[in-house]
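Remarks on the structure that follows.
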Amino acid sequence: VVAFLVAFHQNKQLIGEKGLLPCKLYLQDVKKYFKGKVGLDALSYAPTLIWFLDWSDMDSTLDCLALAGLAVAAFVLLTGCANMVLMSLLWLLYLSLVNVGQIWWVLRWESQLLETGFLGIFLCPLWTLSRLPQRSPPSRIVIWAFRWLIFRIMLGAGLIKIRGDRCWRELTCMDYHYETQPVPNPISYFMHRSPWWFHRFETLVNHFIELLVPFFLLLGRRMCILHGLLQILFQVLLIISGNLSFLNWLTMVPSIACFDDASLGLLFGSRLRERVVRMQLPGPEGERLSLGSCVRRVLNISLGLLIIYLSIPVVLNLLNSRQVMNTSFNPLRIVNTYGAFGSITKERTEVILQGTASLDPNDPTAVWEEFEFKCKPGDLRRRPCLISPYHYRLDWLMWFAAFQTYEQNEWIIHLAGKLLAQEEETLSLLATNPFAGRDPPRWIRGEHFKYKFSQPGGKHASDGRWWIRKRIGPYFPPVNLQGLRKFFKDRNWPYPVQD
């Protein structure tokens with residue numbers, strides 16, 4: 001539900017007709033690469049339903065996909081009823097968005113949601129929408145597929161840390177993490193000031209949870225249940241201390257497969273427990289299996305064989321000293337490799353976009369006013385946001401852009417052009433527009449700053465400042481709308497029109 005809600009609210013601004021990276025241009029480039037045909041090659045490179053839909057109004061097409069997914073997901077959530085058809089539709093709709101989302105949809109939780117959603121198809125009966133259908137308990141193959149998923153998620157995250165950044169081996173990464181993570185929350189502010197020994201303890205616990213606890217899955221029922229409890233508790237702690245979208249909420253899902261009916265039964269009433277027991281009873285002796293049961297059994301066995309086959313490159317990657325993280329080895333993203341924070345940035349830098357109405361951007365008396373984003377640090381006095389499981393994609397990519405160059409992130413110049421034109425859809429991605437109700441800015445520039453948390457109880461904090469910042473220098477020079485015309489034309493981006 002959250003994933004499709006984010007897509008509905010942000011699709012048009014990011015990949016729509018006038019988006020920062022229009023998906024129509026992306027699909028046209030893919031089609032051109034494959035000699036102008038939408039054949040098997042193009043479909044396997046970018047599997048999406050949009051190939052077969054109307055491109056003349058891409059905004060409406062993207063909205064329809066997002067709203068359809070939101071409606072189906074809400075139905076399943078509110079009714080507790082699902083079958084393989086509905087779950088397959090959910091997976092296909094989100095796959096269609098992810099594969100045209102370009103850099104906005106490359107983050108780990110997109111592939112993880114697709115893999116989790118694909119496995120969720122096989123938890124359900126084939127046709128019926130009964131909440132507890134008779135004689136259709138989940139196959140052990142599916143349960144172990146979920147356990148294999150959480151094993152890879154955690155072990156992949158642990159190995160990439162040990163192999164990636166020496167601060168994980170020296171137990172010092174948590175000295176920096178809370179301040180430099182993509183989108184800190186208010187708790188991050190206080191966690192950052194924990195004593196040094198507590199940060200060392202946190203790092204040791206992280207290594208224990210990610211490198212050792214996954215093997216509890218192989219040590220019998222009690223250790224498997226302990227694994228599930230520890231992983232869910234770990235994800236709750238991560239939710240409290242940061243804004244990692246719906247990632248941590250999603251990671252709890254495969255951990256549920258660590259519990260059996262006996263361990264979960266205490267949470268439910270006796271009538272429901274009796275219904276679950278009846279659900280798992282075999283049919284009368286000699287009774288033929290229904291068509292749905294036969295199909296489901298064949299699909300479950302096929303799923304097991306498919307996962308084994310697709311896991312081969314994933315296992316080889318885990319064993320490789322040059323391990324890569326958050327990569328899919330197949331276009332359908334059914335079995336993926338995962339990882340998180342393989343390297344930790346030691347200093348936080350931010351790109352601050354500023355506009356001026358001055359005729360001359362080099363005039364020392366020009367007044368530059370700042371655009372404020374929804375959640376990323378900007379205004380020193382604004383409290384860090386608390387938004388998980390929601391996700392602001394632009395804010396997240398601004399974090400990446402801050403430790404790269406604008407040449408590596410051309411979309412940020414596109415963003416500047418849209419702010420010069422005061423396009424309403426793009427402005428909806430921001431928290432404040434200093435030029436609202438006034439003439440548009442004549443120039444926009446990007447300034448590069450180093451940000452640090454203020455000291456709780458210190459001088460800056462008593463003045464209401466959560467952050468302290470120091471200017472590094474220009475990120476990109478002042479640009480105006482006319483000067484960007486050729487830049488837009490060379491990339492086939494629609495030239496911004498002032499609303």
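The backbone N, Cα and C atoms fix where each Cβ goes, glycine too.
Per TrEMBL, these features apply:
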TRANSMEM  60-78  transmembrane segment
TRANSMEM  85-107  transmembrane segment
DOMAIN    108-264  domain 'Lipase maturation factor 1/2 N-terminal'
TRANSMEM  141-160  transmembrane segment
TRANSMEM  224-240  transmembrane segment
TRANSMEM  298-319  transmembrane segment
DOMAIN    334-477  domain 'Lipase maturation factor 1/2 C-terminal'
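298-319 is the stretch from 85-107, 224-240, 298-319 with the greatest number of Cβ pairs below 8 Å to the transmembrane segment (141-160).
Each residue in the domain 'Lipase maturation factor 1/2 C-terminal' (334-477) has a pLDDT score, and their mean in this model is 94. Helix, strand and coil counts under DSSP for the domain 'Lipase maturation factor 1/2 C-terminal' (334-477) come to 32 helix, 40 strand, 72 coil.
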